[in-house]
């Protein structure tokens, strides 16, 4: 009998909107304080968003942020903090690049093979932290941070010329992948090409929603996150849940680097973007672990990234965007808490008012009683 | 029913958002630019950016000289963290669009970007520092024989050590820095095979701060000095300041890199402990490229700065180093042998 709940939507949207407004205001204050025009940077950045080539850049970048944030979010839903997304996607992308350079199958097999390689590498890496947590009680935060550092060293080792490395000029690469592993993109003419993996990113978002909200596993996962003891009492094995959630998170993380690997660089080199896993944490937070919310958050982040370089050419510092990203994360945390408390108080007041009016608590009001009965 | 509709909504929202966004607008490069026709040299920095007291700053010095001499407008742009090749391409294209010529990417990371931007703007000259893989009519690959200067630094170190132990601190474990290490080791070994070289890299990737963390450089140098190293050579960008600081604090020699670090204001406190610097004249290379464009005969292909051309070498601003005749003789002999080709310096 859950109908479209205005209250819930209001509360869900209020958090990020307040955070954005606060962050923009604070950024403007910073601009005024440094003697600059507080509005022009925004107009410049909005103008950038109307150019189709910048839009392509934004969407491509957002696809990577999106997958990384989904990986973080799946952990969040279960109260697991997977900080290791960064190491997981880098290692996974590298393994996929290596397989892509040494195995040549037809495209219909090659691309799935590369995706599976990345997924399993990510799973393996996060699985280590998962196993440590369920068998030895090691905090997954500590374990995944350590694994990030180890991943960098493993990557350094794999780059050695006598292992899988191929030196191109002063750059380390893993050699160019066979062409059958290049994922065709959506050609936008002069604006560039949207990575084909963007479609998969969207599918992953839908899959994430279905698994979490429409399967028994998703219910177990969410309930373990809400209260581990309660979930255990109702027959959910907490250890199994921790391990599966970690593996799922790592598997998703493994795909975060694939959009650019399969769509553009076709090799894992020193230029491969890093830090996406950490950005994913902020984006998952901003998107409230909700696939649609995360999509908006990822696009917002990518827009700030891609529109800000233009500021350099107009006597503003592009670091304004970085300041803003930092402020958004900060105010998101504060505003979500504030909105939650505000919502609670509102609810209490309403309950109080209904009690004072002589209604029985929980009884449906007015004429919806019949419907309720029919619903049973 | 409801299940399907909400599901459809979630999916549709994400896809339509993506599609709707791309549906409108021309490209930023086709939009009108505000060029006033007086644009000259532009440089785009690598990670670390301006203020690293070595590599990037050297490029900026070249830019300043060009600006003064040719009286045109110049610009320099810094990168963002964790950016992709597409961002770098966008940056270079943006500069070319505004009319800057030549446009120089500082650092091998710009290789792909320079290649793509050069295809889009065939009338603009592009330069790339530290990369020789791009072959195009309008691209000049500005590369240096760092190993040759490092070899000389190795000779100087081997001649100056009393403990028969010297140290090498590299910023990031990448092929470019391996050239410094290889040259240095060979120089030490050819001069005095009894001298031991301690070698350490600060980080595996540039993102971890190998080129930008003086504290990391300091710790690494201190541990080498503890193991009796009394000459420490650093190729670590901004992190090298920490190496020099540690050397000065322990009263041992440091050897600088890229710029003549004895002369740098930020390091003036420690200059009495800077024996010499293995210079790499990025400034000259950048300036030369700008000059060639100004003269109407733009450089193209691989432009190598080596000992012969005087674009790498050892700085002799420290009088204690300059007036040490035995040391100078050894260095001069080594230098002649390298130039004549009698000594081949390894690059890895």
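Along the chain as shown, residues are numbered 1 onward.
Backbone N, Cα and C define each Cβ position, glycine as well.
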TrEMBL feature transmembrane segment, matched against A:9-34, A:165-190, maps to A:9-34
Checking A:88-105, A:214-231 against TrEMBL, the stretch recorded as transmembrane segment is A:88-105
As TrEMBL has it, transmembrane segment corresponds, among A:242-262, A:263-283, to residues A:242-262
The residue range that TrEMBL labels transmembrane segment, out of A:194-212, A:289-307, is A:194-212
Quick tally over A:9-34, A:54-76, A:88-105, A:111-132, A:194-212 of CB pairs under 8 Å to the transmembrane segment (A:320-339) gives the top stretch as A:9-34
Top stretch by Cβ pairs under 8 Å to the transmembrane segment (A:194-212) (candidates A:54-76, A:88-105, A:111-132, A:141-160, A:242-262) is A:54-76
Among A:54-76, A:88-105, A:141-160, A:242-262, the stretch with the most Cβ pairs under 8 Å to the transmembrane segment (A:111-132) is A:242-262
Per the Cβ under 8 Å criterion, with at least 6 residues separating them from its ends, the transmembrane segment (A:141-160) contacts 81-84, 86-88, 90-91, 94, 98, 125-126, 128-129, 132-133, 172, 174, 268, 277
Counting only residues at least 6 beyond its ends, the same-chain positions whose CB falls under 8 A of a CB in the transmembrane segment (A:242-262) are 60, 63-64, 67-68, 70-72, 74-75, 77-78, 80, 82, 84-85, 88-90, 92-93, 96-97, 100, 111, 114-115, 118-127, 129-131, 133-134, 140, 177, 181-183, 195-198, 200-201, 204, 208, 217, 221, 224, 268, 272-273, 276-277, 280
